[in-house]
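Colleague: One structure, pasted below without further comment.
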Amino acid sequence: MGKWRVQALRPTRMDRSAEFSRWKAQCLSRADLSRKGSVDEDVVDLVQLLNAREQFFTTSSCAGRILLLDGGMNGFEVQKQNCCWLLVTHKPCVKEDVVVALKKASGDAVLKFEPLVLHVQCRQLQDAQLLAVRSTHSLEVPLSHKGKLMVTEEYIDFLLNIANQKMEENKRRIGRFYNCLQHALERKTVTNSHPKFKEKNNPTGSPKKERKAAKAHGKCIPEENEKEMENDGCDDLGISVTLFPEDY
C-alpha cells in the first residue's frame, strides 16, 4: 500500500475571523461579574465604540476609582484577592469617608487611585497597535500598619485632594482618548477603502513626524499649533491589549 501523509492545515484568515466573531459573541453574552455588575458610566461610550467594531471586544473595564484596601499584616504589598475592600468610589472622595473606613482596618491600609483600565481582545496585530498605550497616572500610599493609623487626618485630606484631581484629569483623558480612537477608526476605514488616500494625505505618519518634517524643510509652525500637535497623541491611558492567537 502507498504511504499516507497527514498534514495539519493552518486556519485561514476567514476561519480565524469567524472564530473570533464567535468568541466575541460568547464573551459579550456573559453576565457582568464585576463587583458593580455593570459598566462604569464614564466609560460606557468607549466600551460601546470598541464593541461595535468587528475587530475588537472588551472583557473588563474600570473608568477609574479611589479605594481603600486593608491588605492584612504582610507588609505593604497589596494583593486584591487577599485583601479587604474598606472603601471604593468612582467619584471624588471626602476625608470623612476615609476616616470612618479606616476604623475597620486591622492590618496595613492603603489608599489608592487607579486610572482607566480597559482590557480589549483584538483580532489582529494591526488592530492591537491602534490601542497600545500606557500610563503612570496613579497613586498608592500606606495609611496604617497593623490597624494603627500612621498619618494625620490633615495628611489624609491632602492625599484626597491629589486623588480627586487625578480623578478629574482621568475623566478628561477618557474623553480625549475616545475622540482620538473614534478619529483613528474612521481614518483607518477610509484608508482601507482607498489605499491611495494614505499616501496622498498622510505621507509622514504621526503629527510628531509631520512636525519634524516641516522643521526640516524650514517651515515655521506657530507655537500654539505645535503644542496642539504634541498633545494630539493618546499615549496617556492604561490599556491592556490581548491578541487573538493565530493557533487557537
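From the backbone N, Cα and C atoms, a Cβ is placed for every residue, glycine too.
Just so you know, TrEMBL annotations are computer predictions that nobody has curated.
Per TrEMBL, compositional bias 'Basic residues' is recorded for 209-218. The compositional bias 'Basic and acidic residues' annotation in TrEMBL covers 220-230. The domain 'tRNA wybutosine-synthesizing protein' annotation in TrEMBL covers 23-131. Residues or ranges marked as region 'Disordered' by TrEMBL: 191-233.
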Colleague: From the DSSP assignment alone, can you count helix, strand and coil residues within the domain 'tRNA wybutosine-synthesizing protein' (23-131)?
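Modeller: Its residues fall into 33 helix, 31 strand, 45 coil.
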Colleague: Restricting to the domain 'tRNA wybutosine-synthesizing protein' (23-131), report the mean pLDDT as a whole number.
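Modeller: So the average pLDDT across the domain 'tRNA wybutosine-synthesizing protein' (23-131) works out to 86.
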